[in-house]
Each structure stands twice: as structure tokens, then as C-alpha cells.
Amino acid sequence: MTHLVANQNQTMVIEFVFSVFPPLYEGGLLFFILLLLVYTFIISGNLVIFVVVQLDMALHTPMYFFISVLSFLEIWYTTTTIPKMLSSLASEKKTISLAGCLMQMYFFHSLGITEGCVLTAMSIDRYIAICYPLRYPTIMTSRLCIQLTAGSCFCGFLLVLPEIAWIATLPFCGSNKIHQIFCDFTPVLSLACTDTSLVVIVDVIHAVEILASFLVIALSYIRIIVVILGMPSAEGRHKAFSTCAAHLAVFLLFFGSVAVMYLRFSATYSVFWDTVIAVTFVILAPFLNPIIYSLRNKEMKDAIGRLFQQKRNGGVQK
């Protein structure tokens, strides 16, 4: 199937080509194996966290509820991009249809915005837990947690829809090479053969989304750190810092790379640095999340140990 089709006096693009993936004989096989291992770890690690939180009653708290939601989102967030990357690395045909490209952009950004909203909800949860511990059980109810999660999904999947609908109306009739590891707004819009100055509005919308979440999270953790430093007990300070450090690590990794990519407006990077930044929030951040939330978390490690112990005991009884 060709990636171009004649349309009156123009040749319209119906398929895009990812130009950054090397062929198998030029290192593509090595990248394929590494990416496959990383993807397997991301899926299995986040799935274990999600299942353990659902099954272990000791983890039925707002904090672990949001962690399980984040893990669930990470599974789908990476699935929107990495399988296609693997296909591009393993195949000589490194193409994606226009419809497939639009779908990838929509779900990738919808899930990414939803994750940002969930991280914001997690920071609010930690703020209330540490700054207002006596009121925490009455404020952070199961109903509120579900409402915050539903609101995060609603914002994520609604905000991107007009943008994708607009891009779907644009004609693409020039180059069909996408200089990125997945379909993203700037690389795709640069291929449109019409005026895309409205992208400035898109940039402003992204900036408002990112800065609003960043501001809420930053203010929450500044207040949390102030309260923690004022705790009389060294043990209490250590426990509080330990809990919040994991959230801060995820927040800085995710929002840091996203901010560098999407808060640049007219600034441009080389294809190499664009790819490096994309790898950070598309692959590296999801890869580190299971490590941060399980290997560094005693309660999570104990719960995983109890789950596997129950499985072993069940196997022996049978």
C-alpha cells in the first residue's frame, strides 16, 4: 500500500513514516530487545502493583488507591506507543496510517493528561494527610477518591478531543516523514501543507494544563515540607519524607520532561534531543514507577510478599 494518493493537483499523504528508527542490521535488533524487556517490565510491574492494591485490605487507603490508578493508566499509556515502536524496529515498513496516527496522539495525550491530574490528586491527598491528619479520614473518603479519579479521566479524554478533531481536518501533501518515536502534535503539524498558526492556541492550552498541575503539586509539597520540618519526632519526619519522596520523584521525572517538551513554544531542538526527551516521559518514567512505588515502599513490598506467600500456600494445599 502506498503512503500517497493523488487528489486533483496534489498528492495527499495517507501514511506517515517514522524516520528515527534504525534498521535491524544497524542496531535496530538491539534496541528492539531492550525495548521489549523494558515494556515487559512496565506491564508486569504496574500490573502487580494494581492487583496487590486491589487484593490486600491493608492497602485500601486513598494513597494506594491513587497509586493503583496510576499503575493502571501507565499500562495503557505505554501501550499506545511502545508496541508500535517495537513494530517499527522489527519491520522494514516503519509506517503508520493517518487514522492510526490520530488515534495514537489522542489516547497518548488523553492518558498523559489523566496521569497528570491523578498525580495532582495524589499531592492533595498527601497534603491533607500530613497537614490535617485528624481531619484526613473524613475528608479523603472513598467517594471523593472515585470522584477525583473520574474527574481526571473526564479532563484527560475531553481536553484533547477538539485538538485531534482540528488536526484531522488538515491536508497533508508534502513530506510524510515523522522525526519522532511516536505521533506527536509538533512533528505531525509540521507536515501539514496549510496554515497551522492555530498551533499557538494549542501550545497555550498545553501550557495552562501543565502549569496548573505543576503549581498545585508544587504548593502542596512546599507546605508538606514545611510541616514535616516542624515535626518534633525524627522518626515521624523520616517516615513522612520517605512517603513523599517517591511521589516527588515521579512528579519531577514526569512533569520535568513534559515541561521541556511542551512548554517551549517557538523554541526548537534537534531530532536527537527531541527523541531523548520523548524517551524520558514515554519509556523511562513508566519504567521507574514500579521501582519507586514497590521496591522503595515497605508496605507495598510486604503486601507483594503476602500475595506470593498465599499463592505458594494455595499451591501446596492443592
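Our numbering is plain: 1 for the first residue shown, then up by one each step along the chain.
Heads up, the Cβ atoms here are built off N, Cα and C, so glycines get one too.
Computed from a predicted structure; not experimentally measured.
Listed in TrEMBL:
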type: TRANSMEM; residues: 29-52; note: transmembrane segment
type: DOMAIN; residues: 45-293; note: domain 'G-protein coupled receptors family 1 profile'
type: TRANSMEM; residues: 64-86; note: transmembrane segment
type: TRANSMEM; residues: 106-124; note: transmembrane segment
type: TRANSMEM; residues: 144-168; note: transmembrane segment
type: TRANSMEM; residues: 210-232; note: transmembrane segment
type: TRANSMEM; residues: 244-265; note: transmembrane segment
type: TRANSMEM; residues: 271-292; note: transmembrane segment
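Along the domain 'G-protein coupled receptors family 1 profile' (45-293), the predicted structure has mean pLDDT 86.
In summary, the transmembrane segment (64-86) does not lie against the transmembrane segment (210-232): fewer than three C-beta pairs, each 6 or more positions apart in sequence, are under 8 Å.
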